[in-house]
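What Swiss-Prot says about this protein:
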- Arg166: active site (ACT_SITE)
- Cys214: active site, proton donor (ACT_SITE)
- Glu283: active site (ACT_SITE)
- 22-187: domain 'FAD-binding PCMH-type' (DOMAIN)
Amino acid sequence: MTDSFPFSVQESVPLSRFSTFRIGGPARYFKELTSVSEALTVFSYLHTHPLPYIIIGKGSNCLFDDQGFDGLVLYNNIQGQEFLSDTQIKVLSGSSFALLGKRLSSQGFSGLEFAVGIPGTVGGAVFMNAGTTLANTAFSLINVEIIDHSGILLSIPREKLLFSYRTSPFQKKPAFIASATFQLTKDPQAAKRAKALIEERILKQPYEYPSAGCIFRNPEGLSAGALIDRAGLKGLKIGGGQISEKHGNFIINTGNACTADILELIEIIQKTLKKQGISLHKEVRIIPFRL
């Protein structure tokens, strides 16, 4: 069947290898993207050959099904960057967002210090408008290049894109994010701030276990983690999944968790908080076996 594709495709690739949860069955088809030109070829093909597909980066915000995915998984590994001016940098979407923040802050550039503790790709950060309480991706963003559903490369300035808390226009109108350009400022204190941010995250978050980061978006003016803590749910365990004792908004894989374990814990949290009149909305992407 892979012979029918005009590009190389693998079959039955375990998605647990591409998830920070370390959970997930095999992808029916799997394609690693390593250049924008390759991505253009793939999306042009998909425009005329409908096939269920998903795009993943580092899998840091995904929960795959134990059965895997019955379609094509596109793994974005398109990396690279270039300075367009002294304080503007264009970054390809498969690049590590955390490493980008670390490198730039160590070189005396401010604007993306918050990225040091966010374990996804640049494309994923734009898609989710990833951030912290201090800043988010859209703050420093000045341009995005995308490949639209018909396989055409487009350049979109920031002012034409509407972002909000953990929300981008690409969540409602899917497109492949090819690159992002950021505006930086020179600041010798940037490295110090980045170091403090990562130290705080290590102290407060369960990095020693596989997880997908924060499971829920924070309700306006509230902390989802604190709400879960006050509800007495920290430490609750089902199968190999557990609500972290370190941070209530993290569900961790203690070693042998399956998708059902994680979903059951998510449901328990939502139902418990709903009884208190609080609706928690998932930040993690739940990717089913079939779309």
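Cβ from N, Cα, C; glycine included.
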- In angstrom units, rounded to an integer, how far apart are the Cα atoms of Glu283 (active site) and Cys214 (active site, proton donor)? 7
- Rounded to an integer, what is the Cα-Cα distance in Å between Arg166 (active site) and Cys214 (active site, proton donor)? 11
- Query: For Glu283 (active site), what is the secondary structure by DSSP, using just helix, strand and coil?
  - Reply: coil
- Cβ-Cβ neighbours of Cys214 (active site, proton donor) (radius 10 Å): 20
